[in-house]
Amino acid sequence: MMSFLVSIASIAMLVKIVLGTFANVFIVLVNFTDCIKKRKFLLADRILTVLAIFRFDLLWIILMNWSSSVFHVGLYFQVRFCICVVWIVTNHFNTWLANILSILYLLKIDNFSNLIFLGLKGKIKCPYIVLLPCFVLLFPNLIMVTICETTQANGHQGNLTGKTKLTYFTNLIAMTFTLGSLVPFTTFMICFLLLICSLCKHLRTMRLYGKGSQGPSASTHIKVLQVLISFLLLFSMFILLLIISDYNYTKSLEEPIHLICQVIGTLYPSRHSYILLWGNKRIKQAFVLAMVQVRARFWLKEKKP
């Protein structure tokens with residue numbers, strides 16, 4: 001029964017990673033192709049491209065962690081520290097770049113008359129200032145990983161105190177990761193609430209002048225809101241499943257709850273890439289065109305005798 005569950009979970013994990021990889025590679029190719037053609041690389045496109053690259057790395061790190069922990073446990077304990085460090089770095093930048101992208105989407109809305117937003121629109125051309133907290137908050141996570149790995153090495157030597165510390169620090173690193181995600185998550189929630197306020201203000205203005213609730217500005221608000229809500233749900237689910245998985249990690253790598261949490265948690269990096277693809281009009285059009293061309297080629301091959 002356990003081997004059957006592992007097989008089903010592995011197939012589901014592989015399918016999600018392949019689909020997520022396809023979306024991220026497509027985003028990078030479309031952005032680079034447009035950059036070469038137009039000789040112009042907008043800030044939002046640059047951030048989206050870097051996010052897709054980090055998302056690609058994260059997906060394959062997740063696959064490496066899965067295959068080594070489930071099928072090669074001995075190998076897993078040898079490469080665990082390297083996988084953990086790379087996973088934390090890639091996931092950290094994934095979270096922050098997605099957060100910065102949501103800020104850019106917010107600042108695209110021209111409905112704000114607040115001086116803070118007018119100032120931000122002028123300074124957002126320098127994203128390095130926004131990325132500064134990202135680099136600062138990365139170091140505590142890496143320090144906690146090093147402490148956790150040292151404690152785990154002592155715990156495997158049969159020291160009861162070390163084993164107790166192993167459980168403590170494994171749980172502590174999960175909490176450190178959660179706290180490290182608190183800043184971008186809070187920023188994201190502020191953007192989300194401000195966008196709702198902006199939409200309500202816009203709808204009131206439209207109704208006041210008898211223009212109804214339809215219009216390009218309202219459509220832009222709703223589209224950005226849909227992207228942000230999707231990210232909010234997926235990221236919240238990812239954090240919750242990560243905490244549950246880490247608390248069960250100290251019991252067994254093959255605990256059903258641990259396997260299920262990992263498989264469902266992969267929805268965040270794989271599905272969110274498609275949401276970003278759908279939310280970008282230019283990339284969405286290229287994706288639809290590519291799918292139509294692929295379908296036409298298959299149809300022509302089937303028609304040939």
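Using N, Cα and C of the backbone, Cβ positions are placed for all residues, glycine too.
Topological domains recorded in Swiss-Prot put ASP34 on the same membrane side as ALA98. For the topological domain 'Cytoplasmic' (91-99), the DSSP-based tally of helix, strand and coil residues reads 9 helix, 0 strand, 0 coil. Panel annotation: around the transmembrane segment (177-197), residues 88, 92, 95-96, 98-99, 102-103, 105-106, 109, 112, 133-134, 137-138, 140-141, 221, 224-225, 228-229, 231-232, 235, 239, 242-243 of the same chain, lying at least six beyond its termini, place a Cβ under 8 Å from a Cβ of the stretch.
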